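Mind looking over this structure? Questions follow.
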Amino acid sequence: MGVTIVLGSQWGDEGKGKITDMLAQQATLCCRAAGGHNAGHTIVHGDKTYDFHILPSGLVSPSCVNLIGAGTVVHVPSFFKELASLEDKGLEGAGKRIFISDRAHVCFDLHSVVDGLEEAKLGGRKVGTTGKGIGPCYSDKAARRGVRVGEILDEALFERKLRSLDAGYRARFGELEYNVEEELARFKEYRKRLGPYIVDQLAFLQKYKDAPNTLVEGANALMLDLDHGTYPFVTSSSTGLGGAVQALSLNPTSISSIIGVVKAYTTRVGSGPFPSEQLNDAGDKLQGVGKEFGVTTGRRRRCGWFDMVLCRYSQAINHYTALNLTKLDVLDDFDEIKVGVAYILPDGTRTENTMPADPEVLEKVQVEYVTLPGWKSNTMGVKKYEDLPANARAYIEYIERGLGGVPVKWIGTGPARDHMICRE
């Protein structure tokens, strides 16, 4: 098995879907390792646009089998709704190429209700979650009271565990806008439909151990990782390389490439420190030109310049063998483009490659910038590296040097599927 892993390098929304879609054309198997329907990315295929949340984007390739792995949390209504939407848009037979690990956990509507209550309690220090219930679901998993997908098939066990969850949250919060009887009734119907999708993950993966191309699709991004991200302003799963290996029982020696997807500038959704954020005309321009609204929530993304410190930190943890730089065309009309190359910490210390663990310290860092000349010409749809303006190439090569020579192998130059430069 030759494994390619695609990971987000910043705070998500880097555009992982397009490179995953491209690589899936040659893949036998595409796997999601972590996260749930809080993730979101868009693939433009011909005249159709597909929005993905919990389903692997390998479904766009008619020859690719897809797995939702053990590290994920699955909101069953969203699974069926998303699958139906894809099939309605012409992806016939998608339902025959998607499987769910029996060890993945179930994200209930109950978790979404609890998510909102927990955020409200935090007041001004709220995390800024998607409100999808992901955090409470992973909390139940860690506390060993969660419900696994495979347990849906055992009606008595499933009912006992869901009632226990409901009772526990009512003891904590009082009355909830949630009806456990209605949920149990819904799952009577889901139980009949889910059976063909649920698999023993290890046995399933063993069937593909000799597959030449297996693709692992990361969700969210390294800076949202539970351990390595800007905690507590993170998601509740392991979104980096380690999480992919753990969730899918990967043999590390089978990994042939680790692709870091990095936007040509930086964005973030929700609360938390963002050193290179631009609360000015430059930030507004990045937001407007880049159409920076979340696929899952529709929220306006915060925007800032490319942060080399953040990306060096991300590289040190995820060990990228190549990069996909996305949305280069968004920078086309800037006279000057800034790159954050160092942080000055509150105590005066200068750092180029580490992120303070304390979010309050990170919020107070001063960013040292290098200013590069813009190219002031249209790059949308450019497909050959040599056809890019000289200053655009200089920008890309500056990023490569700043990240220790990790090659920028792919460059996104627009939203369409073929708006991609591949540098061999």
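Including glycine, each Cβ sits where the backbone N, Cα and C put it.
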Say Swiss-Prot lists Asp13, Glu14, Gly15, Lys16, Asn38, Ala39, Gly40, His41, Thr130, Arg144, Asn220, Arg299 as binding IMP: which of Thr28, Thr72, Thr235, Thr321 is in the same site, per that record?
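For the IMP site that includes Asp13, Glu14, Gly15, Lys16, Asn38, Ala39, Gly40, His41, Thr130, Arg144, Asn220, Arg299, Swiss-Prot also lists Thr235.
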When a 10 Å sphere is centred on the Cβ of Arg301 (substrate binding site), how many other Cβ atoms does it contain?
20
When DSSP is mapped onto helix/strand/coil, what comes out for Thr42 (GTP binding site)?
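Assignment for Thr42 (GTP binding site) reads strand.
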Output the one of Thr130, Asn220, Thr413 that, of all these binding-site residues, has the highest number of other Cβ atoms within 10 Å of its Cβ.
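The most densely surrounded of these binding-site residues is Asn220.
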Look at each of the binding-site residues, Gly15, Gly298, and point out the one with the fewest other Cβ atoms around it within 10 Å.
Gly298
Looking at the binding-site residues Gly12, Gly15, Asn220, whose Cα is closest in space to that of His41 (active site, proton donor)?
Gly15
